[in-house]
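Data block below; observations after.
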Amino acid sequence: MKFEVLTLFPDIFNAVMRESIVGRAQENGIVEVNAVNIRDYSKDKHRKVDDYPFGGGTGMVMTCQPVIDAYEDLTKDLETKPRVIYMSPQGRVLTQDMAKELSEEKHLILLCGHYEGIDERIIEEIVDEEISIGDYVLTGGELPAMVLIDCVSRLLQGVLASEDSYSEESHFNGLLEYPQYTRPADYKGNKVPEILLSGHHANIEKWKMEQSLERTKLKRPDMYEAYQKKL
Ligand SMILES: O=C(NCc1ccc(CNCc2ncc[nH]2)cc1)c1csc2nc[nH]c(=O)c12
């Protein structure tokens with residue numbers, strides 16, 4: 001899967017996307033992350049990529065020309081145009097279901113805004129979908145793009161050590177995770193639940209499900225509600 005990111009800060013991506021799971025996925029060719037610097041496409045003599053907003057208002061807006069020209073350059077030789085996602089505070093909030101859907105794509109272009117946003121005509125011309133990562137205000141679309149790349153990449157075949165590790169994972173089966181324990185079995189008198197040391201797999205699976213349901217009901221009644229409806 002190829003992610004091409006249109007950003008003003010390509011170095012951030014190169015630093016982060018080389019690490020850990022996504023980094024390994026890139027090494028073994030499952031994922032490719034190509035950060036493209038929008039500024040390289042500016043025709044302005046000072047390489048400007050933003051300008052003052054019409055109608056007043058604080059802050060600056062990203063201009064059309066560099067972004068559209070970067071997009072044209074990335075897609076000029078492609079017979080099928082890849083899906084373009086604009087990381088935006090006004091977008092649909094990213095969920096595990098959306099990540100699953102996106103993991104089926106072969107090639108995605110992620111557009112990262114900065115300043116107060118981007119000229120609306122960019123959205124009209126090249127954007128297929130706007131995605132937010134949550135209802136809080138960040139300084140730009142770079143971190144949201146990396147969050148999307150991380151959660152989509154984990155779903156690709158061969159990225160995670162064991163496929164079932166994500167299928168059990170919370171948010172995947174619609175419930176929160178059961179409590180996790182590792183050695184020692186007794187830490188300063190605080191013991192691991194007996195059931196987990198019993199080796200009785202059927203009972204252990206039952207206990208994990210009960211714990212997931214109980215925790216979801218307590219911590220995320222909204223998820224619990226949705227889960228009950230899907231039953
Ligand atoms: O680009 C992002 N944020 C930068 C940012 C934050 C606030 C504003 C709005 N400015 C006010 C306004 N509107 C109209 C005129 N003036 C614009 C851009 C972002 C991408 S995905 C995401 N997901 C969660 N949170 C986020 O911030 C993001």
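The backbone N, Cα and C atoms fix where each Cβ goes, and this holds for glycine too.
Keep in mind the model is a prediction, meaning the values are calculated, not measured.
Taken from TrEMBL, the feature domain 'tRNA methyltransferase TRMD/TRM10-type' applies to 1-225.
When Cβ atoms from all protein chains are considered, those within 10 Å of ILE133 (S-adenosyl-L-methionine binding site) total 19, not counting its own. Annotated S-adenosyl-L-methionine binding site per TrEMBL: GLY113, ILE133, GLY134, ASP135, TYR136, VAL137, LEU138, in sequence order.
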Here are some binding-site residues: VAL137, LEU138. Which one has the most Cβ atoms within 10 Å of its Cβ? LEU138
For the domain 'tRNA methyltransferase TRMD/TRM10-type' (1-225), mean pLDDT (0 to 100): 94
Determine the Cβ neighbour count for GLY134 (S-adenosyl-L-methionine binding site): the number of other Cβ atoms within 10 Å of its Cβ. 11
Among all protein chains shown, how many Cβ atoms are found within 10 Å of the Cβ of TYR136 (S-adenosyl-L-methionine binding site), not counting that one? 7
Top of the binding-site residues GLY113, ASP135 by count of other CB atoms within 10 A is GLY113
